[in-house]
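Sequence annotations record features per position, and here TrEMBL assigns domain 'DYW' to 540-632. Per TrEMBL, repeat 'PPR' is recorded for 93-127, 225-259, 326-360, 361-395.
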Amino acid sequence: TPAAIATSMRKPLKLLPNCLLLYRHTRPYTPTAANPVPAASAVLRDLDLLDAGELAPTPRVYHSFITACAQSKNLEDARKIHAHLASSRFAGDAFLDNSLIHLYCKCGSVLEARKVFDEMRRKDMVSWTSLIAGFAQNDMPAEAIGLLPGMLKGRFKPNGFTFASLLKAASAYADSGIGRQIHALAVKCGWHEDVYVGSALLDMYARCGKMDMATAVFDKLDSKNGVSWNALISGFARKGDGETALMAFAEMLRSGFEATHFTYSSVFSSIARLGALEQGKWVHAHVIKSRQKLTAFVGNTLLDMYAKSGSMIDARKVFDRVDNKDLVTWNTMLTAFAQYGLGKEAVSHFEEMRKSGVYLNQITFLCILTACSHGGLVKEGKRYFEMMKEYDLEPEIDHYVTVVALLGRAGLLNYALVFIFKMPMEPTAAVWGALLAACRMHRNAKVGQFAADHVFELDPDDTGPPVLLYNIYASTGQWDAAARVRRMMKTTGVKKEPACSWVELENSVHMFVANDDTHPRAEEIYKTWGEISKKIRKEGYVPDMDYVLLRVDDQEREANLQYHSEKLALAFALIEMPAGATIRIMKNIRICGDCHSAFKYISKAFGREVVVRDTNRFHHFSNGSCSCGDYW
């Protein structure tokens, strides 16, 4: 060993360079547990050996220094190695300059890499590709693409690595057509059928939201690999096309490819949007069978999937089992508590986060403020809003929106107004919209009109505020004012979004709208709801006709309430699902107040747990009560 040689000779030898080179720099670049990568400080100590003449300078020695430093990503060490190389006889060596470009890019200093590139006397293909890749990997897409004309002018033909980096950069320009131009160049250079370039093409089109082109590229690949399948699945997931993402995942498995944590993350994200619990459980079972460790990367999306699919118990189990929980894990669980209206549990979770020492960011505070808003915890919400200063976090507009909602929901409309007027920034339409929604809850037409006027001015294209204002006037019996708003809506072309609800049964989704008679079993569903209605009336249910915002008599009002979409979905689920099974219903707008009341009685009378996911939150009905505590 080098140590044995030095000991036996009692002084350093000129023969040591080869031994040192092999011992310190050649072996480490196949790292193992027994043979780890050397620290950059060891490399710098060897620079001192070069200066002392105890280590012979060669390109291989300098390259080994650069490689070790690139793995540690220490910019200061990189600069020292560069300075030492610049003063040596190997300054200007193309191979070593290319290595320096790669080193600076790895250390995140692409501008210094560009300087090395510009000072090179002779650039080659590796020089151009290394710098393009460096810009692309450091989120500087314009600079990466800007190098291409000079590269072509220098008569260098892009290779597969070049195209992969250029396509990564092009994904930042969805509507510019740059990606198509690079695609055309890849075809011209004969690289479009390469599996790696093809996967990069597919990923580029998917990130640009052009899934038709992404699918076309995928279909033309002669040999597909795990990267291409993952790019396709994640593209559908980002696009919000969960059903197609699931079908692509199933096809990937049938084709013999193994799913990775990237695959599972995309699939769970898709299922979370769909709220398809049974599908989610199937994919989770596949994760367990694959014996992959439940890392935070997959665990976070799995947790989110269970929470958004209406299974808070499973979400909590996943949280407890995730190894090495990160900030996203904690925030996702906090969001789940907020969505279910579990304010006290959210506060307890937040305090646990603080004690654990995990870093709190602005999303964390937004989550806890939302939980306080949904749970009516005004005192706690105010305290957490002020606490942001303790963490050197500046509240953003979303935090102000949530505090307005917190005060407004609690009926503190005047306090909410004062809070808005004292904001250090100009209130946005979202701020005034939060106040308008609170006015709808508390039927305050005066403040509601004031808030609505600001929303109309700031965001005239939003169709929600006019509907809210109409509902405020209608619920307070101000029919003339309601008619005025209705005329304004008709003039501006505003239409209320039709309410619809759906329920998943045996991998099939059944959708309903109010007074729906299109379902094949409509007659049976209506009959069942009639029986349900009779039973819960005996338990004390009384239709709340305040939620019929039409100027009609009481008999018509009651009839209008009976066949809301969520009630029809629930009746169908009771027909089809086995006794005791939890019923999960999705709705595209907020649940109706009368349906909320009816579902509480149904959960008790029929001994069923019912989970409703609307656009705003979850309602978990059990034994005659709701998780929201009727504060919604």
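Including glycine, each Cβ sits where the backbone N, Cα and C put it.
Annotations in TrEMBL come from automatic prediction, not curation.
Broken down with DSSP, the repeat 'PPR' (93-127) shows 26 helix, 0 strand, 9 coil. In the predicted model, residues of the repeat 'PPR' (326-360) average a pLDDT of 93. Among residues of the same chain six or more beyond the repeat 'PPR' (225-259), those with a C-beta under 8 A of the stretch's C-beta atoms are 195-196, 198-199, 202-203, 205-207, 209, 211, 214-215, 218, 266-267, 269-271, 273-274, 276, 279, 283, 286, 290. Secondary structure of the repeat 'PPR' (225-259) per DSSP (helix as H, G, I; strand as E, B; remaining residues coil): 27 helix, 0 strand, 8 coil. Outside the repeat 'PPR' (361-395) by six or more residues, the chain places 327, 330-331, 334-335, 337-339, 341-344, 346-347, 350, 353, 402-403, 405-407, 409-410, 412, 617, 628-629, 631-632 with a CB less than 8 A from a CB of the stretch. Secondary structure of the domain 'DYW' (540-632) per DSSP, as helix, strand and coil residue counts: 37 helix, 16 strand, 40 coil.
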